[in-house]
């Protein structure tokens, strides 16, 4: 039992490192957005979805919901802070319709999370009951998080270009799903296993798309996109 717990702790620690890589993967994209002063064709959906996902998993890891899951808390606590920073960057440089979409989504997520916390603490009184409810919700929001890149994948297939689907994010998704599958199997946790199987599958599909469409991607459009994005930003500011 001790060996299993030790192995689980080690795997969980590795999972935290890989997850940090996953959460850090959008940094080059954010830097590019800041330089262009526009979100261009980048989508905020994955970051908005990850915010509620991290909130839910951080709550799931609390001792009064599921014992012995401190690494789940640290993983998703760090992720929540980083994803909120990304959402703020998107909000700053997005057009008005996208800003409205982001605002509505975040408000809904915060209200929903408050309702979940209230219902869990006041109506469910055992860790088993609480972990079941929160675990099921975690699976649902994990599926949403991993489904969010479908918009980017559809764009890749349509345009035959991976320009707006960062490779680092796809690779981190795959590795993150794989390591947490191992973690969930060492001390079987179905609620952690199911979403990470889906995450690993999603990452695999993204990597396949990257391999297929990398050569057909026109990387020389960056300068032109930069100029167009700056123009759009100026127009947006003049309309504000």
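For all residues, glycine too, the Cβ spot is worked out from N, Cα and C.
Taken verbatim from TrEMBL:
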type     : residues : note
TRANSMEM : 6-25     : transmembrane segment
TRANSMEM : 46-65    : transmembrane segment
TRANSMEM : 77-95    : transmembrane segment
TRANSMEM : 102-125  : transmembrane segment
TRANSMEM : 131-152  : transmembrane segment
TRANSMEM : 164-184  : transmembrane segment
TRANSMEM : 190-213  : transmembrane segment
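Stretch with the largest number of CB pairs closer than 8 A to the transmembrane segment (46-65), among 6-25, 77-95, 131-152, 164-184, 190-213: 131-152. Same-chain residues lying 6 or more positions outside the transmembrane segment (131-152) and placing a CB less than 8 Å from one of its CB atoms are 43, 45-46, 48-50, 52-53, 56-57, 59-60, 65-66, 116, 119-120, 124, 164-165, 170, 173, 190-191, 194-196, 198-199, 202, 206.
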